[in-house]
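S.K.: Pasting the feature list from TrEMBL:
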| type | residues | note |
| --- | --- | --- |
| BINDING | K106, Q169, G198, D229, K367 | UTP binding site |
| BINDING | H199 | substrate binding site |
Amino acid sequence: MAATADPVVSVDDKIAKLRADVAKLDQISENEKAGFISLVSRYLSGEADQIEWSKIQTPTDEVVVPYDTLTTPPEDLDETKKLLDKLVVLKLNGGLGTTMGCTGPKSVIEVRNGFTFLDLIVIQIESLNKKYGCSVPLLLMNSFNTHDDTQKIVEKYSNSNIEIHTFNQSQYPRIVTEDFSPLPSKGKAGKDGWYPPGHGDVFPSLNNSGKLDLLLAQGKEYVFVANSDNLGAIVDIKILNHLINNQNEYCMEVTPKTLADVKGGTLISYEGRVQLLEIAQVPDEHVNEFKSIEKFKIFNTNNLWVNLKAIKRLVEAEALKMEIIPNPKEVDGVKVLQLETAAGAAIRFFDKAIGINVPRSRFLPVKATSDLLLVQSDLYTLVDGFVIRNPARTNPANPSIELGPEFKKVANFLARFKSIPSIVELDSLKVSGDVWFGSGITLKGKVTITAKSGVKLEIPDGAVLENKDVNGPDDL
């Protein structure tokens, strides 16, 4: 007998079944269950609004404020202390260092002089609190992947002059694509059954954890949210002062695009509100236009300043319905779906939301060992935990650096450099193959170094390479 096709399951039935399955998962809270079901319902009802390309407008200077037009707050210690006492710093600390070959949270990778990302963040806030006599607390939003490790690591800061709070972002079950059931209820024990739903989750998690109420009770007004791996995301009193004076509930720091940033989200004016436009929302026929530096000149650094009372109001009203980013994955051969949201997309729900077009120095992310090379080189120095760019480099853009797969893991990267070369006058570096660097090397202009297959190429101590193609020892 021929098999009959499965009847088409209605959206309501899918949700009802999922709700029943999720109710049985005792690893997560009722808040997490409700948040997850709400996210999936929004996804299935297909309420994703299509962007009408013709309605997109370039934001004016009122909406995306140039940084150099911000007024400098008075150089008065008491006034500055008053401002800073309204501030909380929150770092997104949910990511693992796996892509760089490290175990544990990415924020514990050593960046420079033996200091980790987290060390630098703590030192920066300590020096701020000491200088102004204020008490800016640090919040770390962990994921279930980083929580246990972070709790242990934070103990080493117990003698510092900052209050450190940690809380977890939500833990949602991965959805089995085939029958829309939660992966953990298929007997998938352990972490593989779950996922953290993107940093858009920072707002409900801040509220669910009780931290939001605590901060409001302490008289805090603004949170400065940034990725823990962005070394440029330091507290900026000019920005804070501007937001307080103009009662802006939300501010996204944007910076001019270079060719390296063509995929980054951009701010647009749309139907009278400012909103984030991500590449995933762009119709295929407009993708090249989106990537052009002419029409969309800025991109989101993910440095965000948000009013705490506004977060409370919008989370309680369940009004933060950010665009859903579907992220298909495969776990042990099973196709799964995880639905995520981004914090930057929340901009359109806040009143008087603005962008501020900041200098590129406020965006210095370390995503790969090539970024680590920049940060550990003479291009930067370390002062009070702040990574400061060397004024000896006249070109505002950093050199472009491409390292082959031999350098991908931090341990291998460190082993292959006896010391980090001087790159103040470097334009671009491309390294491929089994290359090893001695100490005291200087690289200038355009340099490519290629080791032939199976050959170990060693760059000797003290070598100066300027506008050079090196394919073997004879070229040195």
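A Cβ is built for glycine as well, from the same backbone N, Cα and C atoms used for every other residue.
The structure displayed is predicted, hence computed values, not measured ones.
Could you place these features in context, so I can see how deep they sit and what lies close by?
M.R.: Long-range C-beta contacts of K106 (UTP binding site), restricted to its own chain and to partners at least six residues apart, with a cutoff below 8 Å, comprise G95, L96, G97, M100, F117, S228, D229.
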S.K.: When the number of other CB atoms within 10 A of each residue's CB is tallied over all shown chains, which of the binding-site residues H199, K367 has the maximum?
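M.R.: The most densely surrounded of these binding-site residues is H199.
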S.K.: Could you list the residues of the same chain, at least six apart in sequence, whose Cβ is under 8 A from the Cβ of Q169 (UTP binding site)?
M.R.: G94, M141, N142, S143, P196, P197, H199, D201, V202, S205
S.K.: Just counting, how many other CB atoms are there within 10 A of the CB of D229 (UTP binding site)?
M.R.: 22
S.K.: Count the other Cβ atoms sitting within 10 Å of the Cβ of G198 (UTP binding site), across every protein chain shown.
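M.R.: Step by step: centre on the Cβ of G198 (UTP binding site), count other Cβ atoms within 10 Å, giving 23.
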S.K.: Which whole number of Å gives the largest C-alpha distance between any two of K106, Q169, G198, D229, K367, the residues noted as binding UTP?
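M.R.: This binding site's residues have a maximal Cα-Cα distance of 21 Å.
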